[in-house]
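Feature annotations, reproduced from Swiss-Prot:
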BINDING   CYS158, CYS161, CYS171, CYS174  Zn(2+) binding site
BINDING   LYS351  ATP binding site
DOMAIN    614-720  domain 'tRNA-binding'
MOTIF     27-37  motif ''HIGH' region'
MOTIF     348-352  motif ''KMSKS' region'
Amino acid sequence: MSASDLTSVQATAPQGRRQILVTSALPYANGQIHIGHLVEYIQTDIWVRTLRMHGHEVYYIGADDTHGTPVMLRAEKEGLTPKQLIDRVWTEHKRDFDSFGVSFDNFYSTDSDENRVLSESIYLALKENGLIAERAIEQAYDPVKEMFLPDRFIKGECPKCHAKDQYGDNCEVCGSTYLPTELLNPYSVVSGATPVRKTSTHYFFRLSDPRCESFLREWVSGLAQPEATNKMREWLGDAGEAKLADWDISRDAPYFGFEIPGAPGKYFYVWLDAPVGYYASFKNLCDREGIDFDAWIRAGSTAEQYHFIGKDILYFHTLFWPAMLEFSGHRTPTNVFAHGFLTVDGAKMSKSRGTFITAQSYIDTGLNPEWLRYYFAAKLNATMEDIDLNLDDFQARVNSDLVGKYVNIASRAAGFLIKRFDGRVQDSAMNHPLVAKLRDAIASIAAHYEGREYSRALRHTMELADEVNAYVDGAKPWELAKDPANAVALHETCSVSLEAFRLLSLALKPVMPRVAEAVEAFFGVAPLAWADAAKPLSSAQPIKAYQHLMTRVDPKQIDALLAANRDSLQADAAGAAAAGATAANAAKDAKNAKANAKAVAANGADDAPISIDDFAKVDLRIAKIVACQAVEGSDKLLQLTLDIGEEKTRNVFSGIKSAYQPEQLVGKLTVMVANLAPRKMKFGLSEGMVLAASAADEKAEPGLYILEPHSGAKPGMRVK
């Protein structure tokens, strides 16, 4: 655990037993849980279990995020009421979380009385504080369905490349972004009708108010992750810059959600009541269990509050949510922990490749959920780095670490102990130097978990497992067992091995709770806590007969998993239709296909797979940023001087000024396109392009992130 993380976790905590409220982001109630979702829930669950093993009072809260236009339209498409749809999805989500050992104390729904009351009270408090404003805005309106349309529910012809059937905010062919009013020949994806412009009164949370800005500037200093702090400071801008915009918190009927008090026909936008759903789920638990809800959530509470989220929703959880709480009289989050995205075999999850893997398909294929918990934990740390599920590595790591190293220790010793020594350990063996080394390591392993450095915790654990196996290999109990004269040595070897196995099981318990339960039953002990490192096995308590704890991953299981999730490209199109397209829109697809093909050819952009030969044409190189400066006269560009292992450095202009100060970049490694034709610009010659990532909807999720290779990469190395 880093010093900064330790400080952030404990700064506001009372001494001794802490009170801790923990949440994961709420899954949306219109789809299945997939392995990308599970990264977050497994990460949170491991942290929660770690804290519980310290004896703290911890509540892990979740709920389905149920409101909004997509849920309303999907329910209509399936011939259900929204309530029927979200009830069904809740059952599916709860089943999946239970399957993967996600130990919510309460998993609830944002469509609840508790959430309605809390959302209304927070809104009214903000209004009383002068932080709610009314404004007339003009929006696209479907005259057939008689509803206002979000940008993603409008399609038409791209105003830049003229590709057909593009969304109202960006073109998937040429990558342009634009306003819905700029679309050519627009139509509603709900009815196929041509939208009209219509004015409506909306309600805004005045995030631009100086009080909000002042509060957020102070609050951001407590965030544990430097990446999160940097993004917050980017969004806030410099003092006096007034970069924060007011937030539209209302939607017009018809809308599935909560009606705003005193505003008939106006509903809370889903992103207002969704985070309030954390509190609503906790309130439901408190009422049921007799917990003092107000003591946990009021301003000044000594209880701690942590949110685990994906980095794509950092904006909502570090700007809107803390400000809403602060100015409605509630305690603010102690910290927000963001994680990166999941790729599978180095690429975005794909239905056509079978790597868009649902939680249920994983279980149905017969794969052990604790294999995935272990693999994710072995990749996770306290940063926002993306992680990759490499299926070959998954199989190799599980088979090597969990079966070959860990489980193998118990299977090699238990039989001898039961057969020769009545299942009772040798008490003097509990003081063996190897046992002492493992016992002393437990505290640092627990600290790694609490600091969210799971990969370090598991790396340390497996290094210890290697030492235990080396000890067993050196002692050769199978040879000792051949001669009765070696009984004392055999007894010691088996006893040391099993106590070491107990300690390794303790170290792995937050990650593999079901295996830990089986180990506890095997030893006949109470549920293991961190303090039990100092409570060794005793001859007074014989072990039970050994039951096999884990099997190896069979390659055929991986093949079956991919096959179960593999889908045709036609089914992908059908899935897009289910997300909003109607029969009327589907009829346009064939007509638009040829036009889009021309637009693709003209713009050189296509989502279809490319050949390896096409990819090989792009020369991607590791580049070191040796100098960086702002470009005078440009509010978007930075001028980068890049070392890519050539005799001369490269000069590149990059539109990343909104995300980085020049001094932040100097010395960093990044990735550049080295064989891009030089481009003469107003400010000079640009000799390549650095790679950066951003959200598809940059208005809702602002931010740019340059690619940074792992340490060890050197300037000039090819990316391949």
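Note: Cβ is positioned from N, Cα and C throughout, glycine not excepted.
Shown here: features listed in Swiss-Prot, placed on the structure.
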residue : record              : DSSP (3 states)
CYS158  : Zn(2+) binding site : coil
CYS171  : Zn(2+) binding site : coil
LYS351  : ATP binding site    : coil
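For CYS158 (Zn(2+) binding site) paired with LYS351 (ATP binding site), the C-alpha to C-alpha distance reads 26 Å. Around the Cβ of CYS174 (Zn(2+) binding site), a 10 Å sphere holds 18 further Cβ atoms from the protein chains shown. When the alpha carbons of LYS351 (ATP binding site) and CYS171 (Zn(2+) binding site) are compared, the span between them is 22 angstrom. For the binding-site residues CYS158, CYS161, CYS171, the largest tally of other C-beta atoms within 10 A is found at CYS158.
Of all Cβ atoms in the shown protein chains, 16 besides its own fall within 10 Å of the Cβ of the residue listed as 'ATP binding site'. Under DSSP, residues within the motif ''HIGH' region' (27-37) fall into helix, strand and coil as 3 helix, 2 strand, 6 coil.
Secondary structure counts, DSSP: the domain 'tRNA-binding' (614-720) has 7 helix, 42 strand, 58 coil.
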